[in-house]
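**Q** Checked TrEMBL, it gives:
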type	residues	note
TRANSMEM	12-31	transmembrane segment
TRANSMEM	37-58	transmembrane segment
TRANSMEM	70-93	transmembrane segment
TRANSMEM	99-124	transmembrane segment
TRANSMEM	136-164	transmembrane segment
DOMAIN	149-233	domain 'DUF6534'
TRANSMEM	176-195	transmembrane segment
Amino acid sequence: MDSASVNLNSTLGAFQIGVLASYVLLGVVTAQTLVAFIWVCEVAATICFAHTIYIYMISDYTLSRLPPSLGVATFFESIVEACVQGFFAYRIYAFAKTIYIPILIWIMTLLQLLGCTVTFIRTLRMAAMQRFEVDLQWLLLSIWSLISANDILITVSLVTVLITQRTYAQKKTVTLVNKLIVWTIVLVVSADLNVSHSLKFLAMKDNFIWLALIAVESKIYSNSFLATLNSRTTLRALNEFSLPSLNFALPAQSTGVNVVIVSTHDVDGDEPALGRDKTASEDV
């Protein structure tokens, strides 16, 4: 990127919007955080993005060097994404009781985490964004492709398993399974973001729109992860909910009408033709 022809609207402006949006999502994460490790990683990434914005907008607005904090921020975000994908892989194992798909997901997660670690180390040694975009293009595209494929595999696997279980579930369990399916589909948004900023990176290397999408991406992962964890109380309530019994005990009331049933039978000998009368009386 030539510093003499920098368009501040599409570079710093786009990056700033992405970072500010990540601040909003960080607030949502903080409001529902139960897992401290995820929150710490998100706060660290947000602080690093803030430092990058400060470098680019105040101390080095010509974009002549690559701030180390940018590499640190993306490294923390990769840890969050790996944790969330690993968690959903375990959910697939818990639902489907098969280990093959979770193992494939974990392998892809480790590969993308390894790629992000290499990117982080290489970023610390680079002096300019131009070198970053040229030298690491193949690695970045490989990482984003792995993340997108992993998200799609997780989503398709979970939705398939949940729909299968819904087919054999009791009526009151269907609502619970439907909610799980909806929350699972949130991962598709993450996959779309990875595909989107991959295309933006390829087509628009003269701006930072792809970098703005990276700043937002991990917050979507964190929110989908924490929403799944925090929804367990609601799901338990749905699972334990049952309609009240409709077997009302009606008080017995007498109408004062007696029903008399008389039965007759033929007899031999000298007994009367009518035989014995059997009389039953019952109140209605």
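Backbone N, Cα and C atoms are what each Cβ position is placed from, and that goes for glycine too.
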**Q** What residues elsewhere in the chain lie close to the transmembrane segment (70-93), defined as a C-beta under 8 angstroms and at least 6 residues from its ends?
**A** 37-38, 41-42, 44-46, 48-49, 52, 99, 101-102, 105-106, 108-110, 112-113, 116-117, 119-120, 122-124, 147, 150-151, 154, 157-158, 161, 184, 187, 211, 214-215, 217-218, 221-222, 224-225, 228
**Q** Counting only residues 6 or more past its boundaries, what in the same chain has a CB within less than 8 Å of a CB in the transmembrane segment (37-58)?
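**A** Same-chain residues near the transmembrane segment (37-58) but 6 or more away: 11-12, 15-16, 19, 22-23, 26, 29-30, 65, 67, 69-70, 72-74, 76-77, 79-80, 83-84, 215, 218-219, 222, 225-226.
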**Q** Quick one: average pLDDT across the domain 'DUF6534' (149-233), no decimals.
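**A** In the predicted model, the domain 'DUF6534' (149-233) has a mean pLDDT of 68.
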